[in-house]
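As given in TrEMBL:
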SIGNAL    1-21  signal peptide
DISULFID  CYS31-CYS46  disulfide bond
DOMAIN    76-213  domain 'Cupin type-1'
BINDING   ASN107, HIS112, GLU117  oxalate binding site
BINDING   HIS110, HIS112, GLU117, HIS158  Mn(2+) binding site
Amino acid sequence: MAASNFLLFALLALVTSQVIASDPSPLQDFCVADIHSPVKVNGFVCKDPMAVNADDFFKAAKLDKPRDTMKSKVGSNVTLINVMQLPGLNTLGISLARIDYAPLGQNPPHTHPRATEILTVLEGTLYVGFVTSNTDNKLFAKVLNKGDVFVFPQGLIHFQFNPNHDKPAVAIAALSSQNPGAITIANAVFGSKPPISDDVLAKAFQVQKGTIDWLQAQFWENNHN
């Protein structure tokens with residue numbers, strides 16, 4: 001009986017660890033991503049450790065430099081540093097982003113399917129928030145000033161907005177995945193390829209099909225670089 005209980009506990013522990021884990025956990029000091037390998041796995045296969053050097057853990061990203069926000073319809077520019085830009089992040093479960101906001105600019109409602117996000121305001125003021133899942137759909141929102149920190153739980157829709165008419169804002173975000181992914185809600189719903197049936201969306205949003213057709217005809221740009 002004791003042995004069977006131990007095996008059951010071990011199995012439950014293994015299953016739980018797999019459910020909790022967002023990214024594959026490292027089984028060695030590092031596993032630098034071999035981006036060009038033809039082998040397909042969940043993440044990236046490891047580069048030969050003998051071929052790894054310091055540049056695999058480094059990127060001259062110039063995150064201290066302002067990004068152009070004026071070309072963006074939503075008035076923001078997201079500079080993401082994930083495993084695709086920094087192969088040394090493979091299996092480490094973390095990535096980073098600088099977000100620049102024009103006056104009245106926003107990072108529109110979106111979600112990260114694979115990561116929790118913690119955001120720090122470096123300059124300016126931001127109105128931020130997230131919405132919980134069905135059926136509550138409760139909004140948690142806050143005005144952040146320079147030096148303030150806010151957390152967006154994994155998978156929940158969230159946003160940031162610069163309420164100032166004449167001052168830009170800058171934030172740095174850390175995310176709990178080497179490749180957090182981003183789904184911008186408007187882009188996904190109205191800019192999908194091929195488009196979602198306007199019958200479906202008109203029913204879902206309780207509007208006329210003409211409204212949906214107009215929305216689908218807009219250019220839904222990506223503010224991520």
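Placed from the backbone N, Cα and C atoms, the Cβ positions cover glycine too.
Automatic, uncurated: that is what TrEMBL annotation is.
Highlighted in sequence order, ALA97, HIS110, THR111, ALA115, LEU119, PHE152, HIS158, ALA173, LEU175, PRO180, ALA182 have their Cβ within 8 Å of the centre of the Cβ atoms of ASN107, HIS112, GLU117, the residues recorded for oxalate, and are not part of that set. Taking all protein chains in view, 21 other C-beta atoms sit within 10 angstroms of the C-beta of HIS110 (Mn(2+) binding site).
Surrounding the centroid of the Cβ atoms of HIS110, HIS112, GLU117, HIS158, where the record places Mn(2+), the chain contributes additional residues within 8 Å, namely THR111, ALA115, PHE130, PHE152, LEU156, ILE157, PRO180, ALA182.
Sequence-distant neighbours of HIS158 (Mn(2+) binding site) (same chain, six or more apart, CB under 8 Å from its CB) are PRO109, HIS110, THR111, GLU117, VAL128, GLY129, PHE130, VAL131, PHE152, listed in sequence order. For the domain 'Cupin type-1' (76-213), the model's average pLDDT works out to 97.
For the domain 'Cupin type-1' (76-213), residue counts in helix, strand and coil come to 22 helix, 56 strand, 60 coil, using DSSP. Counting in whole angstrom, HIS112 (oxalate binding site) lies 23 from CYS31 (disulfide bond) by their C-alpha atoms. Just so you know, the Cβ of CYS46 (disulfide bond) picks up 20 other Cβ atoms within 10 Å once every protein chain is counted.
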